[in-house]
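> For 1-19, the entry in TrEMBL reads signal peptide. Residues or ranges marked as domain 'Immunoglobulin' by TrEMBL: 24-125, 132-233, 242-343. Residues or ranges marked as transmembrane segment in TrEMBL: 361-384.
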């Protein structure tokens, strides 16, 4: 009788929550929430239960029912520090304030009458739905790089820019401190804003030189990084497009860049095929040059706007007709092209035809008027002559 009762007791203990002890239960949770890994059983007096994490299996918690002792281990560089809770009746494990680094395989082993093991695959979804977000906008607009999360007490968040990972902003949530760094020769000066609740970064009054890689790193027990690829479009939607400009000979024409040069920008203007350098600005050193090339073709007729890099050609001649290209070298290289046509007023066929047609019409009108007037005069003279003759006969 006792043996049968003991067998039934062992069988009851073995059934537990899982029909298959080799099965892996999948559990998903959003970062910051809590998750409980349930055993759905009641521990017996002599049970020893051990929780492990990852591969290799690192013990993170243990209950010894026989001695009444339990432990949560401060391992993996404090990864789970003060975030693990044990249910001493069931052996269930609760992880509070979850982080993406908590994702992985958890295993519980119950040693009693027999050894039983259950496994949980936990996935903690981070703040970013897409860790490689792409942002595109027009120059002058604002852009916000959203974290879509709420910073917890111990969060330490850092924003960097470029492949050299230059630090541009920082939040230390624990001490309520934040910083915006005036780096890269004041590149972002007075244009960065931080959301202290979420860590999101806003860039105002954007420039083409703001294009590049932005990364946000959250430092807690473990580092994790998310990236944003930002592209700021300048005056030209398509850098391969050619802008056509027409001007009458003798007038001036301005090739506009519609941008503001940054500190490190180097801008070069070329003309024709092959490309002959005609003007150059080196913003960093405050230097600019106008080249007396092509047999003095542009001598004393070129002007540069040192703020925008725009080029002005004064007193244009028909030989100024052709392709002009500007290349801006900064954080990235950008080129724009202008096809300039200078019309000769005298020899332009369309204008000449128009002018000749107009002159001819005027001449014909004048001649017609003169002929008409002459005809009228002749008629008057003729009538007068006839009347005079009749009057002579009557007398």
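Placement of Cβ uses the backbone N, Cα and C atoms for every residue, glycine included.
Curation does not apply to TrEMBL; its annotations are automatic.
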> So, by DSSP, how many helix, strand and coil residues make up the domain 'Immunoglobulin' (242-343)?
6 helix, 52 strand, 44 coil
> With helix taken as DSSP H, G or I, strand as E or B and everything else coil, how many residues of the domain 'Immunoglobulin' (24-125) land in each class?
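Going through the domain 'Immunoglobulin' (24-125) residue by residue, I get 3 helix, 52 strand, 47 coil.
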